[in-house]
Structures are given as C-alpha cells and as structure tokens.
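Below is one structure, written out as structure tokens; the observations come after it.
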Amino acid sequence: MSALRRKFGDDYQVVTTSSSGSGFHQQQAAAAAPRRKRQRFVDKNGRCNVQHGNLGSETSRYLSDLFTTLVDLKWRWNLFIFILTYTVAWLFMASMWWLIAYMRGDLNRAHDDNYTPCVANVYNFPSAFLFFIETEATIGYGYRYITDKCPEGIILFLFQSILGSIVDAFLIGCMFIKMSQPKKRAETLMFSEHAVISMRDGKLTLMFRVGNLRNSHMVSAQIRCKLLKSRQTPEGEFLPLDQLELDVGFSTGADQLFLVSPLTICHVIDAKSPFYDLSQRSLQTEQFEIVVILEGIVETTGMTCQARTSYTEDEVLWGHRFFPVISLEEGFFKVDYSQFHATFEVPTTPYSVKEQEEMLLISSPLIGPAVSNSKERNNSVECLDGLDDISTKIPSKLQKMTGREDFPKKLLRMSSTTSEKAYSIGDLPMKLQRISSVPGNSEEKLVSKTTKMMSDPMSQSVADLPPKLQKLSGGGARMEGKLPPKLRKMNSDRFT
C-alpha cells in the first residue's frame, strides 16, 4: 500500500531524518520546491496513457482477432505488413510456376517450336514471376499463357486465384477501414483548455466548453464526464484512479447536444456531486482528473466518432466564467473562436456547497414546519385570551347557572389542540394520515359530549335570565314559557 500511495499521492514527499534540524530544513526544501507535472490518465488530445504489460500467454488473444489488431496498428506497421504480405505472396506463387516448369523440363526446351510447355515463354524465374503478375493483375499481355497440356498448372492457377482474392480482401479491407476511421474527425472537435467553477442560476457550477469547427453536424451527439480520483475505503482498501460519474444533464436530457455552435457544459455541484465539499482552498491541495467523452455520428460517413480530453485540478479555475463567442450579424450568427478559451473573473464564494449549507443552518436554525406550528399555537393563545375577555362580560348569575365558568376556555383549548394535531398529521406518512383522519375519534367525542352537557343546564335555567338574555337564548326561553307555574317554580328553586 505504501508503494501505491507513493505513486498516486503527492508529487513531492517530505523527508525526515533522525536529526530534527536537518529534517526541518529538508521539509522546508521539499515544500518550497515546485510541484512536478503529474502523469495524466488521458492527455488533452484524448490519448490514454495506459500500457499493458506482463501479458504472458495472453498475447495469443491478439492473433485470434487479427483484423482488429491490424487496424489498431500504427500506419508505418500497416504499410510494412501490406508490402511484405504482397511481396511474399508474389514470390511464393512465382516460385511455384517456376518449379512446375523446372520439373516438366520446360526450361531446357523453351525455344523448341515442336514442344508444348506448361506455360508458353516461361524459361527462367523472372519470366515465371512476370507470368504470375500478369495473371494476378489480369493484365494479359498475350505473350505468356497457360496451355491445356498441363493439368498441374490448371490446379495451381485455381489456387492462385483463390489465394489472391483472400489476400486482397484482407489487406485492402484493413487499409480501407483504417483510412475511413473517424478519429481524424475528432481533430475538428474542440474543448476549452480550462474548466471553470462559478455561480450559475444561483448554484455553484462546474463548466467547460465544447465546439465543432466543421459545418457538418454531429448527429446524436452525447457527452459524458468521469471523475478519476484515488481514495481509501473505510475498510482500508486503497483505490487508485477510482471512477465516479459527473452528472452533466442526464436526468434532464441536457447531455444530448445540438452541436452547431459552441456550448457550455454544466455540472451543478450539490449534495449528490463528488465536489460537494470542494472549496477554493481545498482545490489547491486536491488531486483529481475530469475525463470528458463526446460521442456522435459523423453526418457525412455515418460512422461513430468519439473525442476525449481531460482536466486536472490545475486546469480548473475557481471564480471564472467564459467569454461569449456568439454575435448576431446581418442574417446570420457569427462565432468568434479567438475567444473560445478565454475566461474572466467573477465574484464567487470561496466556500464549498457543504460549508454554505452548514452556515445557512447555523444562521437560521428554524425550519418551516416549526415556524408554522408556533404560529398556530400563538393564534390559539390569542383566541383563548379573546374568549376570556368575552366570558368576563357575561353576568355572574349566568356564569353560576352554567356551573362551568371555564368551559369556553377548555373547549377552545381542546379545539386548538385538535387543529394543531391536524396540522402535524400532514407531516405523517399517508397510512398514518388515513388512520388519524377516521371520523369519531376520542377528541371529537369529548367535544360533542362537553357541548351536550353544557346545553342541558343552560336550557333549564333560561327562565331565570334577564329579559334581554332570554331573547338571546332563543328556543330555550320559548320552551320555558310553556311550562306550568308549579314546574317553573320548582325549576327555579333547584338552581338558586
């Protein structure tokens, strides 16, 4: 693990010795020394810096897919194999024709007019080689030709035709595929030299720019981003070049590009982003690499093209923004590629998104439901105070007859508790809301029972109220007036 840490860790090391003084000076020298340019995983031109070694017996797998192996070779090796294959094939077939002529004795009797050779006018190896070339290339000068007196020559001629077709299809096909590869199309797809971090739409955003120099479009262009960063798991496992996905609009479809003019690709830094705790200060000490992959179909050839680049932590500018490159001219839009890589500074917070959220929670600890609940409680208390004022205005005789001076306050407390509970139920899951919303609960029964208990003594004692209150009492007063005098007197004696 120490070797991996040394390889994938910082570019310089702090060296300490047994002597405290010398160790201190070496630490200062190591810290003051400029950091070396660290090894990139993907170059700016898209080439991956990966070499496969110690394959052993696995190298035979390359021969099982010989066509792809030849296509992936560099051009100089392709040309060398192309020339070497044709040269060996020609020499081999010319040797076969010369061998037939030698075994039949045609070389010694080539100028005998009464003798019919296997191949006319073949009397040495150069003439046999020329006959093969004329036959293979279907030139047919007419001077050298095969006769019907040579069955072995006919069989060799059939074998030559089949072998030549196979070699032509294989080598010419490899050369055609290699020449038509869309790798060079990626040369006209541009990426900005730097990525920037600044505010956009109120959110901290990582941005970079892509452009297409050709007028032909990239059909179904799609962009992806990978974050390569070494890390250590909680179990102690060290993961060099761990790959994490950076969301550049996959959920919203923003990763599907209409690449006619330069576009700015955005990655919003939020709680799901790997850069959630990245600040301007930590950017100076972090080590990571952002790999950008742009894929699309070349409109002219219909082949898939892929362009790649990468940004290291030194190429990410905090608090910068790209210059606009599109301007409106008379009848068209003009793109100024001289400003494609240019950036300018803008005011940007130096804190990470995580730090901003923590500071926001510290400055305003109350949340929405708590504030709403406090408001509801305050309203309930105000209602209770108002009822207290109303109850004090009722005559004392009426309060005594009711026998429940504190009833309005209790009743409103119960109702306010019910309203608070109804508010809190809205924050519960749906199943609990259904259970809590079942009619006939205990609090509603308690309120109805209390109201019923209150209405009975009030209806019985309305007759003893003053005339004005009797008018306010309504139906109770009319019912009291219909009672006989004897019952009316008994009723009044019972409550005095």
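Just so you know, the numbers here start at 1 and follow the chain as drawn.
Cβ coordinates are placed from backbone N, Cα and C, and glycine is handled just like the others.
Feature annotation from TrEMBL assigns region 'Disordered' to 17-36 (among others).
Taken from TrEMBL, the feature domain 'Potassium channel inwardly rectifying transmembrane' covers 42-182. When the domain 'Potassium channel inwardly rectifying transmembrane' (42-182) is classified with DSSP, helix, strand and coil residues number 87 helix, 4 strand, 50 coil.
Marked as transmembrane segment by TrEMBL: 79-100 (among others). Same-chain residues lying 6+ beyond the ends of the transmembrane segment (79-100) with a Cβ under 8 Å from its Cβ atoms: 70, 73, 106, 118-119, 122, 124-125, 128-129, 131-133, 136, 150, 152-153, 156, 160, 163-164, 167, 171, 174-175.
The transmembrane segment annotation in TrEMBL covers 154-177 (among others).
The domain 'Inward rectifier potassium channel C-terminal' feature in TrEMBL is assigned to 189-358. Here the domain 'Inward rectifier potassium channel C-terminal' (189-358) has a mean pLDDT of 93 out of 100.
The region 'Disordered' annotation in TrEMBL covers 455-496 (among others).
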Could you give the residue numbers and ranges of same-chain residues that sit at least 6 residues beyond the transmembrane segment (154-177) on either side and whose C-beta is under 8 angstroms from one of its C-beta atoms?
67, 70-71, 78, 81-82, 85-86, 89, 93, 96-97, 100, 132, 135-136, 146
